[in-house]
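Okay, so here's the structure we're looking at.
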Amino acid sequence: MRPILNSQQIREADAFTIANEPISSVNLMERAASAFTQKFLELFASVPSVAVVCGVGNNGGDGLAIARMLQGEVGHIEVYVVGNLEKASEDFRVNYDRLGERLSPKIVVDESQIPEFDTSLIIDGMFGSGLSRPVEGVYAQVIERINASEAQVCAIDIPSGLFADKPTPSAGAVVEATHTISFQLPKLVFFMPSAASYVGSWHVVPIGLSEEFLLQQTTDKWQIELRDIHLPLKRRFDHKGTNGRVLLVAGSKGKMGAAILSAKAALRSGCGLLFAHVPCCGLDILQVAVPEAMVEVDEHTEIISEVLPEEQIDVIVIGPGIGTGKLTENALAQLLQKATAPMVMDADAINILAANTHLLSAVPPESVLTPHPGEFKRLVGDWKDDFEKLEKLKAFCKKYQLNMVLKGAYSAVCDTKGQITFNPTGNPGMATGGSGDVLTGVIGALIGQGMNPLEALRAGVYIHGLAGDLAAHAQGYRSMTASDIVAMLPQAINQLDKKC
Ligand SMILES: NC(=O)C1=CN([C@@H]2O[C@H](COP(=O)(O)OP(=O)(O)OC[C@H]3O[C@@H](n4cnc5c(N)ncnc54)[C@H](OP(=O)(O)O)[C@@H]3O)[C@@H](O)[C@H]2O)[C@@H](O)CC1
Ligand SMILES: [K+]
């Protein structure tokens, strides 16, 4: 997993690398600028004109070095330096002197000197990890001009004005980048919905900071990587009873589709036997739609009112489409008293827990909850910003000793110790009804096959997002449906199998 470190730790990593590689600070800047330039040219093959806007710290120093490296690679280049040159950092000065006359920068110290920015692209190198306070004054005016321009904006390391690891006060101006090319590690704020319009699509480029140092750092936030996903083995002598016996409790009148999507997803994710407990009205529907499922019907015609005692079940998946009626609430409470297998709880099962928080302590240990932000809010109350939301996630998982995925772009998986891993796969096309039911089925199948619930959760969100990406590629992200995600599960799982 890739660690997500705070600005202080990254500064220390810079210093450690400089002292121990060893490499001079200005050469490390050269390496960073070169890594940026290479990625930049991949993203923007032929840009007619570029404005590079620099501050006077090392982020600005990067900007100057990048401007020099882009000469001859892109069309017209303009360089601006915003701020007082007397305060410039040492490495900025070296790169200022290296620019040469052709790129001679224009200095901006007051509003009258701010250009219109009519280039096709702006590189933002005003502030990086050294941002120490909200951006105001002439700096804010430059940012407003950048944001008002028609140009694409590519930020160096992080959009200027945005704090990497704490909330950015609304009073401060922030560059709205269309792209961000960041050094070595992603910054925590990149995973936050509230920063999406500033960060744009982001990329991380290695700059050779000491791996030894980075791995020693303490953090409770990580990004899931492909190499972290290890699917359960299938052996020649396995049979359906050893490949995961999954009990799916799902559906109600008018919502049998949720049960079907979860059931299909579980079967496509390799579970051996799928038992489905559904209301009477769902019997024919499920048998026809999912012939592989063994269906047990509830006594009630339209909703779930009691769940059969579990027998030789490896995992219980409950929630998709069940509603929150009193009888269903009682059924869940009874099931929680009896259940020993880990549970995957989604949708209305979570809503029932939120309305009856005394039930939370009865959830079998290590179970998994899969709320979307609305369901999560019902569980923990509102939050003032995305950082507080993550703190609430950690506190909840620690308190109840549960694993949870808070769904969304970069779904956040939290374990019982409060460690958070962000999932990188997925796309906006997955924000569509039924997508969550598919995820629940995938996670249930993986736990059923013997993965520990946390590993299954991390693998499940990764596979689900990858299948979603394949579906978006095939159908377009505007038109794809949850069924398309199910259809792409085999391809996603095959891709992961091949890398193993
Ligand atoms: N270290 C390395 O080896 C490497 C570093 N690298 C690069 O360095 C970047 C970090 O550089 P950095 O530490 O110099 O900070 P940076 O973001 O340029 O800002 C500092 C300047 O901004 C000023 N300032 C701050 N807030 C302000 C505000 N609100 N409004 C106005 N001014 C404000 C502050 O002034 P002061 O607070 O002192 O008044 C100071 O002048 C990092 O993101 C990466 O791009 C890479 O090259 C890899 C190697
Ligand atoms: K920047």
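Just so you know, glycine gets a Cβ as well, placed from its N, Cα and C.
Residues annotated as (6S)-NADPHX binding site in TrEMBL: 58-62, 128-134, Tyr139, Asp157, Ala258, Gly321, His372, Asp437. Annotated K(+) binding site per TrEMBL: Asn59, Asp124, Ser160, in sequence order. Among the features that TrEMBL reports, AMP binding site is placed at Lys407, Gly408, Ala409, Tyr410, Ser411, Gly436. The domain 'YjeF N-terminal' annotation in TrEMBL covers 10-215. The domain 'YjeF C-terminal' annotation in TrEMBL covers 223-496.
TrEMBL feature annotations superimposed on the structure.
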| residue | record | DSSP class |
| --- | --- | --- |
| Asn58 | (6S)-NADPHX binding site | helix |
| Asp124 | K(+) binding site | strand |
| Ser132 | (6S)-NADPHX binding site | coil |
| Tyr139 | (6S)-NADPHX binding site | helix |
| Ser160 | K(+) binding site | coil |
| Gly321 | (6S)-NADPHX binding site | coil |
| Ala409 | AMP binding site | coil |
Quick one: of the binding-site residues Gly61, Asp124, Ser132, Gly408, Gly436, flag those whose CB is under 6 Å from ligand 2, and say none if nothing qualifies.
Asp124
Residues among the binding-site residues Asn58, Ser160, Tyr410, Gly436 that border ligand 1 - Cβ under 6 angstroms, in sequence order:
Asn58
Based on Cα distances to Ser132 ((6S)-NADPHX binding site), point out the closest of the binding-site residues Lys407, Gly408, Tyr410, Ser411.
Tyr410
Would you list, in sequence order, the residues of this chain other than Lys407, Gly408, Ala409, Tyr410, Ser411, Gly436 that have their CB within 8 A of the centroid of the site's CB atoms, where the site is the one recorded for AMP?
His372, Val405, Leu406, Ala412, Asn423, Gly426, Val461
Fill in the CA-CA distance, Asp124 (K(+) binding site) to Gly61 ((6S)-NADPHX binding site), as an integer in Å.
12
By the DSSP assignment reduced to helix, strand and coil, which category contains Gly436 (AMP binding site)?
helix
Looking at Cβ-Cβ distances, which residues of the chain lie under 8 angstroms from Asn59 (K(+) binding site) while being 6 or more apart from it?
Gly125, Met126, Phe127, Gly128, Ser129, Gly130, Ile156, Asp157, Ser160
Applying the rule Cβ within 8 Å of the centroid of the Cβ atoms of Asn59, Asp124, Ser160, what extra residues of the same chain belong around the K(+) site?
Val53, Cys54, Gly55, Gly60, Gly63, Gly125, Met126, Phe127, Gly128, Ala155, Ile156, Asp157, Ile158, Pro159, Gly161, Val175
If you draw a 10 Å sphere on the Cβ of Lys407 (AMP binding site), how many other Cβ atoms land inside?
25
When distances run from the Cα of Asn58 ((6S)-NADPHX binding site) to each of the binding-site residues Lys407, Gly408, Tyr410, Ser411, Gly436, the nearest one:
Tyr410
Under 8 Å between C-beta atoms and at least six apart in sequence, can you list the same-chain neighbours of Gly321 ((6S)-NADPHX binding site), or say none if there are none?
Ala250, Gly251, Ser252, Lys255, Met256, Gly257, Ala258, Ala259, Ala347, Asp348, Asp437
Would you kindly give the Cα-Cα distance separating Gly61 ((6S)-NADPHX binding site) and Ala409 (AMP binding site), rounded to the nearest Å?
33
Within 10 angstroms of the C-beta of Asp124 (K(+) binding site), what count of other C-beta atoms is obtained when all protein chains are considered?
30
Tell me the Cβ neighbour count for Ser411 (AMP binding site), meaning other Cβ atoms within 10 Å of its Cβ, over all protein chains shown.
27
